[in-house]
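Asker: One structure, pasted below without further comment.
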Amino acid sequence: MLSRSAARLLTTQTRAFSTTSTRQTKVAVLGAGGGIGQPLSLLLKIDPLVSSLSLYDIRGAPGVAADVSHIDTDSTVKGYTADQLDDALDGAKVVVIPAGVPRKPGMTRDDLFNTNASIVRDLAASVGRVAPEAHILVISNPVNSTVPIVAKTLEKAGVFDPRRLFGVTSLDVVRAARFLGEVSGNDPKNTVIPVVGGHSGATIVPLLSQNAYGKSISGETYSKLVHRIQFGGDEVVKAKDGAGSATLSMAYAGAKFANAILRGLNGEKGVITPTFVKSELFADQGVDFFSSNVELGKNGVEKIYPVGPLSAEEQKLLEACLPDLKKNIEKGYAFVA
Ligand SMILES: NC(=O)C1=CN([C@@H]2O[C@H](COP(=O)(O)OP(=O)(O)OC[C@H]3O[C@@H](n4cnc5c(N)ncnc54)[C@H](O)[C@@H]3O)[C@@H](O)[C@H]2O)C=CC1
Ligand SMILES: O=C([O-])CC(=O)C(=O)O
């Protein structure tokens, strides 16, 4: 039996995901057997907006599906083996991709490119063929390159719609709220800030000046906080000591973002969150993809917001972000070309 605190947590989590609309959506998770895939599947099972959960992996997905399927929410769950990808994708409205290898200490996200680029490209090709209208949420690293890889792959297949492709950067937003909350002594719900740019090191640009508590942080405290947000992933990789990178906080952040996508699809207005999308904001500098606040709706991306007012420090962070991001995006494009 669940302890009272665990039961309360689950109730709160379910409530955090709920909305007045009815659920109607098939969601597929590609990489569902992994460190992120398993807890993400659990959280999607308790999201009231998911009607059917399709769990695919090259190993282990039927087991995860059998386990998660016993949870007493009203959605169905099915697991698929390596040769059943098309069945897993059939009819999916949302496809979340956490497939691929994670970092070990000493590696950068870009070091994952050689392995993950082809995994993501091949999965994207299948999504383009079987579920061309699906909203695709890319978690696999390096996000700055894997998202352009998916875009080019879909473009080649003639089915790319930039409104339906998202790099998941919500863990940076979750970390920023948590870390600013810690430094300023506040509940993270009051310290939410936009994190813009990309998803690795210097390309992660937290806009602390856009929060009342963040605005007052300066000096060494500011530099340390920015560094912690930019390199939060390294903290986890180091602590896991060879056993992988963030999985539980990522599953939480991924489920939160998937819920935002589903609320938008259901017609809810005012669903706004940062995500890495095809964007005109810095396209004149050769940066075709950029994360900034995006309004989500029935068609996916409804509106891309500009970064807003920046402090002098944030302007410098942005200047450092753009050239790196451009290189990462071009590397992704070149892989598919
Ligand atoms: N966007 C973000 O903020 C974050 C991204 N990540 C990234 O997410 C990815 C997954 O991380 P973990 O779950 O910890 O790794 P993991 O190794 O625990 O799980 C990956 C899963 O992908 C599966 N897989 C491999 N090739 C596949 C294919 N072709 N089709 C379907 N499934 C396949 C594996 O069998 C495995 O179950 C990594 O690239 C990691 O860097 C991790 C944390 C945060
Ligand atoms: O650090 C990693 O490799 C995984 C990741 O993207 C994160 O935790 O932000």
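Keep in mind that glycine also has a Cβ here, set from the backbone N, Cα and C atoms.
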Asker: Could you look at Met107, Met250 and say which one TrEMBL places alongside Gly31, Ala32, Gly33, Gly34, Gly35, Ile36, Gly37, Asp57, Asn116, Ile139, Ser140, Asn141 in the NAD(+) site?
Answerer: Met250
Asker: Gly31, Gly33, Gly35, Ser140, Arg175, Met250: which of these binding-site residues put a Cβ within less than 6 Å of any ligand 1 atom?
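Answerer: The binding-site residues passing the 6 Å Cβ test are Gly31, Gly33, Gly35, Ser140, Met250.
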Asker: Would you mind sorting out which binding-site residues among Gly31, Gly33, Asn116, Arg175 put a C-beta under 6 angstroms from ligand 2?
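Answerer: So the answer is none.
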Asker: Given the binding-site residues Gly31, Gly35, Gly37, Ser140, Met250, state which is nearest to Arg175 (substrate binding site) when distance is taken between Cα atoms.
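Answerer: Given the candidates Gly31, Gly35, Gly37, Ser140, Met250, the nearest one is Met250.
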Asker: Identify all same-chain residues not among Arg103, Arg109, Asn141, Arg175 whose C-beta atom falls within 8 angstroms of the centroid of the substrate site's C-beta atoms; report them in sequence order.
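Answerer: Same chain, not in Arg103, Arg109, Asn141, Arg175, Cβ within 8 Å: Pro102, Pro142, Val143, His199, Ser200, Gly233, Val237, Ser245, Ala246.
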Asker: Do me a favour and check the Cα-Cα span between Met250 (NAD(+) binding site) and His199 (active site, proton acceptor); whole Å is fine.
Answerer: 13
